[in-house]
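Presented below is the structure to which this report refers.
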Amino acid sequence: MTSQPFSPSRAGELPRHVAVIMDGNNRWARARGLSGIRGHRAGVESVRAVIRRAAERGVDTLTLFAFSSENWKRPASEVDALMELFLIALKREVKKLHSHGIRLSVIGQREEFSTSIQQYIERAEAMTRDNQGLHLVVAANYGGRWDITSAARRLAQRVSAGELSPDAIDEETLGTEISLADEAPVDLCIRTSGEQRISNFLLWQLAYAEFYFTPELWPDFGAEAFDAALDAYGERQRRFGMSQEQVEAHGA
């Protein structure tokens, strides 16, 4: 992410980039006496609803935290079911996204996925690459620390090759190597299920984001709940380190 100019937001302004930590599928299923995978399947409906509403509202970028690098530690049966669900979604949903002009990107360590999943990711990205509507980013096998470490490693390789001076490395230089470098910074991060933590998600990209925490479990979070999050964002004053007086003068 390159260093992009920050300016105070105005009342009612729409976030350009919304990130979502989709949490609560397992709890939703347990509360109903269902298996965890049933909760994840129910969560897919919420994914569809939020994508549609984000596109309708004019959000530029929607980043969904689908699978963290720590999720491999879950029971093997759950991980296998999640991989199967991910593959099914790639097969079934991409044409729908494409027909609505949505561009799909996947960030994370995709080399750890099966060959089949990697191939479908590549096909999906290629099919939707030129679409001009909502940019849907799926973070899969992603971790914020991995993202920053990988960026630092690439810069170190450039220094070692004589392509870059160590003195030239600053926030902007590092930001060009971070995932989503060409996207606007995250304006709003939503987390469902009542938990209030970021779980190693987009550590660099969330630097100035507003946070919206809701007790709703992810399968219960739909278009109206997404609207409520956008409305709450629109009521906030983002200062980016400025005083209230400076913000008011900036908006005058």
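Cβ coordinates are placed from backbone N, Cα and C, and glycine is handled just like the others.
According to TrEMBL:
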BINDING   Asp23, Glu210  Mg(2+) binding site
ACT_SITE  Asp23  active site
BINDING   24-28, His40, 68-70, Trp72, Arg74, Arg191, 197-199  substrate binding site
ACT_SITE  Asn71  active site, proton acceptor
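Other C-beta atoms found within 10 angstroms of the C-beta of Gly24 (substrate binding site) number 25, with every protein chain shown included.
For the recorded positions given as Asn26, Ser68, Asn71, Ser199, the lowest number of other CB atoms within 10 Å of the residue's CB is seen at Ser199.
Here the binding-site residues are Asp23, Glu70, and the one with the most other Cβ atoms within 10 Å of its Cβ is Asp23. Each of the binding-site residues Arg74, Arg197 was assessed for Cβ neighbours inside 10 Å, and the highest tally belongs to Arg74.
Here the CA atom of Asp23 (Mg(2+) binding site) lies 11 Å from the CA atom of Arg197 (substrate binding site). Counting only residues at least six positions away in the same chain, the Cβ atoms of Gly39, Ala42, Gly43, Leu217, Trp218, Pro219, Asp220 sit under 8 Å from the Cβ of Trp28 (substrate binding site).
Secondary structure at Glu70 (substrate binding site), as computed by DSSP, is helix. For Glu210 (Mg(2+) binding site), the same-chain residues lying six or more positions away in sequence with a CB closer than 8 A to its CB are Pro15, Asp187, Leu188, Cys189, Tyr233, Arg236, Arg238. Here the C-alpha separation of Ser68 (substrate binding site) and Asp23 (Mg(2+) binding site) works out to 12 Å.
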